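Per Swiss-Prot, these features apply:
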type: BINDING; residues: R17, R71, T102, K163, R266, A267, R268; note: GTP binding site
type: BINDING; residues: C24, C28, C31; note: [4Fe-4S] cluster 1 binding site
type: BINDING; residues: Y30, G75, S126, M197; note: S-adenosyl-L-methionine binding site
type: BINDING; residues: C261, C264, C278; note: [4Fe-4S] cluster 2 binding site
type: DOMAIN; residues: 8-229; note: domain 'Radical SAM core'
Amino acid sequence: MKEVIQDKLGRPIRDLRISVTDRCNFRCDYCMPKEIFGDDYTFLPKNELLTFEELTRISKIYAQLGVKKIRITGGEPLLRRNLYKLVEQLNLIDGIEDIGLTTNGLLLKKHGKNLYQAGLRRINVSLDAIEDNVFQEINNRNIKASTILEQIDYAVSIGFEVKVNVVIQKGVNDNQIIPMIDYFKNKNIEVRFIEFMDVGNDNGWNFNKVVTKEEMLNMIEQHFEISPVAPKYYGEVAKYFRHKDSDAQFGLITSVSESFCSTCTRARLSSDGKFYGCLFASSEGFDVKALIRNGATDDDLKAQFKRLWSIRNDQYSDKRTMQTIENNRKKKINMNYIGG
């Protein structure tokens, strides 16, 4: 039986984001800078990750509490061995209406068919530039944008619905906005531009690196005729715009200039098995893995999940100032543990 639960600000729980690994094959500066995540960096050992059975058990209980959507993240989730088996298990959960995956796309040709056969239908690909030299500078692994574009084409060809996410940094890749809109408009693939956020401790964020929604729109409107699109559902994070000469759309995710904390319905499970109520969480998180491995029953887990959501009052982006950023520095969980 489903229950309706709300947090302290009246927000229901609708989404569960699961990080299945803290590892990644890219070293993007805004997430896993190579100076910190070098060859000698120690990632989580296999036994510290939640098993697929544990993740499925958790997801079943969250579905009873109102979760309808699950997104699989990382790190890079396609590095998790046999990920399609998790998708198969999640697809059997009553009440889960949508399962998505966020990936850098590099391994889609290798794993895409198995994932599609397991029931995955929606993929978000993180691609921060369309020009090879710009993209190589960002990912620090000499991976060309053209390589990822080929992977996207493959994913579309076997039936996936693909969206593209682009984190925009001033002076780094803001010159990619127009060519990316132009390219994906012709492919009829939604591209979403994300304001650079202060996630984690190590990405060197400050306000001066942010290209705001208004700045992006000013750029875009010099090249395209567009009109706004009404939100599709409560809690939608992207603000969408449609081209007047086609049905193609693009989105802007404005977590800095126009935050959306008031409608956030996401619970997050980190790669080391901890619950977080916010992408910018500065706490240690609640150790779900320890609870499970110490013999908790489903009723025990359900009671804890209800409690954690009922006391949730996170609204970091609504209150973001340089002072709050400084106060939380070195306390926030890094993106490779909690996903984007």
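Just so you know, glycine gets a Cβ as well, placed from its N, Cα and C.
Remember, predicted model here, so these are calculated numbers, not experimental data.
Spatial neighbours are here defined as Cα atoms within 10 angstroms of one another, and by that definition the neighbours of S126 (S-adenosyl-L-methionine binding site) among the binding-site residues C24, C31, T102, K163, C264 are T102, K163. Here the CA atom of R266 (GTP binding site) lies 24 Å from the CA atom of C28 ([4Fe-4S] cluster 1 binding site).
The Cα atom of G75 (S-adenosyl-L-methionine binding site) lies nearest to that of C24, taking the binding-site residues R17, C24, T102, C261 as the candidates. The separation of R268 (GTP binding site) from M197 (S-adenosyl-L-methionine binding site), Cα to Cα, is 17 Å. Neighbours of C278 ([4Fe-4S] cluster 2 binding site) among the binding-site residues R71, T102, K163, defined as a Cα within 10 Å of its Cα, are absent: none qualifies. Overall, the recorded GTP-binding residues R17, R71, T102, K163, R266, A267, R268 cover a maximum inter-Cα distance of 22 Å. Neighbour counts were taken as the number of other C-beta atoms within 10 angstroms of each residue's C-beta; across the binding-site residues A267, C278, the minimum falls on C278. Here the candidates are the binding-site residues C24, Y30, C261, C264, and by Cα distance the one nearest R17 (GTP binding site) turns out to be C264.
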